Amino acid sequence: MDLFHTPAGALDKLVAHNLHPAPEFTAAVRGALGSLNITLQQHRARGSQRPRVIRIAKGGAYARGTALRGGTDVELVIFLDCFQSFGDQKTCHSETLGAMRMLLESWGGHPGPGLTFEFSQSKASRILQFRLASADGEHWIDVSLVPAFDVLGQPRSGVKPTPNVYSSLLSSHCQAGEYSACFTEPRKNFVNTRPAKLKNLILLVKHWYHQVQTRAVRATLPPSYALELLTIFAWEQGCGKDSFSLAQGLRTVLALIQHSKYLCIFWTENYGFEDPAVGEFLRRQLKRPRPVILDPADPTWDVGNGTAWRWDVLAQEAESSFSQQCFKQASGVLVQPWEGPGLPRAGILDLGHPIYQGPNQALEDNKGHLAVQSKERSQKPSNSAPGFPEAATKIPAMPNPSANKTRKIRKKAAHPKTVQEAALDSISSHVRITQSTASSHMPPDRSSISTAGSRMSPDLSQIPSKDLDCFIQDHLRPSPQFQQQVKQAIDAILCCLREKSVYKVLRVSKGGSFGRGTDLRGSCDVELVIFYKTLGDFKGQKPHQAEILRDMQAQLRHWCQNPVPGLSLQFIEQKPNALQLQLASTDLSNRVDLSVLPAFDAVGPLKSGTKPQPQVYSSLLSSGCQAGEHAACFAELRRNFINTCPPKLKSLMLLVKHWYRQVVTRYKGGEAAGDAPPPAYALELLTIFAWEQGCGEQKFSLAEGLRTILRLIQQHQSLCIYWTVNYSVQDPAIRAHLLCQLRKARPLVLDPADPTWNVGQGDWKLLAQEAAALGSQVCLQSGDGTLVPPWDVTPALLHQTLAEDLDKFISEFLQPNRHFLTQVKRAVDTICSFLKENCFRNSTIKVLKVVKGGSSAKGTALQGRSDADLVVFLSCFRQFSEQGSHRAEIISEIQAHLEACQQMHSFDVKFEVSKRKNPRVLSFTLTSQTLLDQSVDFDVLPAFDALGQLRSGSRPDPRVYTDLIHSCSNAGEFSTCFTELQRDFITSRPTKLKSLIRLVKYWYQQCNKTIKGKGSLPPQHGLELLTVYAWEQGGQNPQFNMAEGFRTVLELIVQYRQLCVYWTINYSAEDKTIGDFLKMQLRKPRPVILDPADPTGNLGHNARWDLLAKEATVYASALCCVDRDGNPIKPWPVKAAV
């Protein structure tokens, strides 16, 4: 759509549908840049001679949030430890850039789904450039890799750089903007914290600029970043509101471009006149030929550069644009630009009226002209300084009558002043004029230079993970003063409605995020639920609600004429079942959306910790209501459910909701052409679910919690979450309703107070894309730059999963990632070969073989963290009893070679050798580079090669076991010697049986979390064997019913006192020694589960089977073990003893 042919009223639509980047491409780019970030960070660790990457910052239009659809740019600034000063950046570049280019060539082979990679011609020395483009070529982003000196260090929210940063910059004798990359983060934050609508205006201005570029191809136009700053200046001086007319804003920016030869703009957000060297430099900069637009992060960079750029071409284009359709209102009248200090005014040819902020801030240069910077660090000031010689006023500014009147009043009582005092007096009077003039645009207690953006919190993605607690406290928690005012207003409203209503009020309840204690700074919601006697049941609410609401509105309209001091109140768009109001602080920095809802008192007053009567919910379900139609009736239960959460969990909720708000605000009116996203309340519940299942501690890592929730959001199509704290599946009506809900499409997030309300409904796609993008950012990195892991949480719970869905549950949540398993297999093969070839090379000891064991080798590993063994069989062990000798020396030798292997080979997975000083155990971990929760922990175990080279399907020589029996003093002492047999016993089983083993192991791990601290559970391997036994005795059907198999294993666990399970696949009673030993083992107290590879290993002995049996009894009646009619699934007919 052409800008000039778009009516003024349709500009928002033009921006939303034509200028915002395509969400699919944005998501793909974020994923690619996150992957590249990790690649660059890891590059530092390989080879100690290479410069270390301290951190990586993103800049450019992409990072500032001002990227246009089609093509845009991003800077990846790589801060290296080899740069100790600005000057160092000119050296040690060719080798560094060469290494990075090789890295890029490798990475660029697979930059990400739907993207192509191509190197570009670098526009400057000391940088690398390439382009990522969509497959169809319609969307692209130019990426610049810029190595830089980390002069600022780890950025801290709201902290200004120290003056010596800029004085050292100036003393480096750099060219203008030569080291601007060092200041990427403050530059990005300056723009990024602005309101969404202002960024839309920036997109509109840049779109106009690109149209000019196509017509003026030979002209050297100023960079588009200059127009971003000019747009911010125009908004700060003329508007300052979050909501405004795009046509009026565009008209103002073009008017400034038309008057560009008078422009002199700078900010003191990051630097100022306090330091003598910086102050003197700024004075010189402000005398440069107009336009002057100083970069707010780097004072050496005059982005406006009147001597270099053809602003005159832009000025001509701007002047010719004013009569276009985009500036015409529906009535045909042209929109007018904003008015304010430093902006064009009717009848004035220049911008000759400087901004002054206060009498104590005047700074005089050697010609007596004044320039001023703001003293308020919390604001983002812009300064128009045309009072220098090159921009002397040509036509006096139009006199302001109010200003003259002020001056006359002051002169009556004035004493004679020096020239300097007179100048200060002039400034002081001008301040009052500026503030009163701007009052039509801004709250009265904010100066004309403050912005809505200055109230916005910093970009979450750039907050270091260790600072998240402080970030929440400083930026997300609501103002206590405003909360107190709101409480007073609510009490007054309730008092008004109680006293004057013609209907009897039974009681009231406060809900919404304000009532739940999860309200964010800036804006939140409150539900005032008023229970009336006349509303006697669910069905009877609708007929009376309309008249009650009319009565409420009449009372409140009278009351709102004198609301609580410091607050304003207004009625907003109404809903059929509620009265909608908005309370706002007088400075408009905080607001509350208030819903007043008349409701039926279904629950009645409840004592703490008690459940509503089951008939409450059965009557709700029988009322034929719509989903969540009567949610207000359960407001107290909803509030109490969240109010009991620990304080840190509520902090995590605030962080998640802040991220949610950033995402929704960013895309509001943009691509959001589909369904609305789920409500923020859904993310509160998701946060509680994540914490309950993955942590449960009072103290925890906010970054780990946030990553867990973002991961669940990405898995939204599998979410199935509900609680039974208020309603129970034991009630037939509720059970039937829940079963019906559970058969619906995901996501399912049931309100814990109202089972009819699935709060998970909505479009999660955008949230999922943004969650993936945030995953590689600073906020989710640990101090050493590695990504923090998520908690171990699945999107659905086993006991809440329908029996018919167990196969799907296993495939989605329990099966490990196949690609990761392949990577692990390759890595383990490399490690095994390396150990076999290199260990004990200069010794008589030989590595006979290396065998893989554990769940990973058996094919029963779970998704997430699993275990495995590497058993190294050595020639120095000639019998069982020798296995413990020289263990420390052997472990030390293997460890040295493992570490060498780690250095010499490149792996697809992250390879970490444990540094534990344990002479018995050597461990290492293989972790996925992309799936943070996927890893395998290996134990390296030296062992005696008792079995030798066994042929497949053959039995060991009986002498192996007689020697074992004579040598063994502790049960299972030499089980590592039989790793191959243990592995083969499971690997030979059908795939579906391995799936059942996974299910049983997952259940066991969940029980372990619940039982933690109460006692030692049986070993997990024992449950694997019990599962095989259940299947063998239950018919050995390779395609069995998963719920029946699971139910059978649970039943055997309940009967643990009768368990006696063993196999004679590898050993038998035919040999007298073995036979006598087996009889002795089988006479031991139950349960007995003998290892089929090692008869000395009784896996049922000395464990708290009673605790496991209790959990098995609970699960036997859960949804995963009942059929569609709610009847318990029957187990297979299996005896507890062979």
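Using N, Cα and C of the backbone, Cβ positions are placed for all residues, glycine too.
Per Swiss-Prot, the feature ATP binding site maps to SER855, ARG998, LYS1001, GLN1020; the stated evidence is similarity to another entry. In sequence order, SER855, THR860, LEU862, GLN1020, LEU1023, GLU1024 are the residues of the chain that are 6 or more apart from LYS1001 (ATP binding site) and have a CB within less than 8 Å of its CB.
Summarising the annotation, Swiss-Prot assigns Mg(2+) binding site to ASP867, ASP869, ASP939 and lists similarity to another entry as the type of evidence. Here the Cβ of ASP867 (Mg(2+) binding site) has 16 other Cβ atoms within 10 Å, regardless of which shown protein chain they belong to.
Residues or ranges marked as N-acetylmethionine in Swiss-Prot: MET1.
Residues or ranges marked as region 'OAS domain 1' by Swiss-Prot on the basis of a curator's inference: 6-341.
Sequence annotations record features per position, and here Swiss-Prot assigns region 'Interaction with dsRNA' to 12-56 (among others) based on similarity to another entry. For the region 'Interaction with dsRNA' (12-56), residue counts in helix, strand and coil come to 29 helix, 4 strand, 12 coil, using DSSP.
Taken from Swiss-Prot, the feature region 'Interaction with dsRNA' covers 185-199 (among others), and the record attributes it to similarity to another entry. Look at the region 'Interaction with dsRNA' (185-199): DSSP puts its residues at 12 helix, 0 strand, 3 coil.
Under the heading region 'Linker', Swiss-Prot lists 342-462, citing a curator's inference as support.
Feature annotation from Swiss-Prot assigns region 'Disordered' to 370-403 (among others).
Swiss-Prot lists 434-459 (among others) with the feature region 'Disordered'.
Positions annotated as region 'OAS domain 2' by Swiss-Prot: 463-793.
In the predicted model, residues of the region 'OAS domain 3' (801-1135) average a pLDDT of 91. Taken from Swiss-Prot, the feature region 'OAS domain 3' covers 801-1135, and the record attributes it to a curator's inference.
Look at GLN154 (site 'Interaction with dsRNA'): DSSP puts it in coil. What Swiss-Prot records for GLN154 (among others) is site 'Interaction with dsRNA'.
Per Swiss-Prot, the feature site 'Interaction with dsRNA' maps to ASP242 (among others). Following the DSSP three-state reduction, the secondary structure of ASP242 (site 'Interaction with dsRNA') is coil. The number of other CB atoms found within 10 A of the CB of ASP242 (site 'Interaction with dsRNA'), across every protein chain shown, is 17.
Cβ neighbour count within 10 Å across all protein chains ranks SER855 highest among the recorded positions GLN154, SER855, GLN1020.
Listed in chain order, the residues near the ATP site other than SER855, ARG998, LYS1001, GLN1020 are THR860, ALA861, LEU862, SER866, ILE997, VAL1000, TYR1002, TYR1004, GLN1005, LEU1023, GLU1024, each with its Cβ within 8 Å of the site Cβ centroid. The distance from the Cα of ASP869 (Mg(2+) binding site) to the Cα of GLN154 (site 'Interaction with dsRNA') comes to 41 Å. Excluding ASP867, ASP869, ASP939 themselves, the residues of that chain whose CB lies within 8 A of the CB mean position for the Mg(2+) site are, in sequence, GLY853, GLY854, ALA868, LEU870, SER923, ASP937, PHE938, LEU941. Calculated from their C-alpha atoms, the gap between ARG998 (ATP binding site) and ASP939 (Mg(2+) binding site) amounts to 21 Å.
Sequence-distant neighbours of ASP939 (Mg(2+) binding site) (same chain, 6+ residues apart, CB-CB distance under 8 A): GLY854, ASP867, ALA868, ASP869, LEU870, VAL921, LEU922, SER923. Cα-Cα distance from GLN154 (site 'Interaction with dsRNA') to ASP242 (site 'Interaction with dsRNA'): 30 Å (rounded to the nearest whole number). All protein chains considered, the CB of ASP869 (Mg(2+) binding site) has 22 other CB atoms within 10 Å.
Classification of SER855 (ATP binding site) by DSSP places it within a helix.
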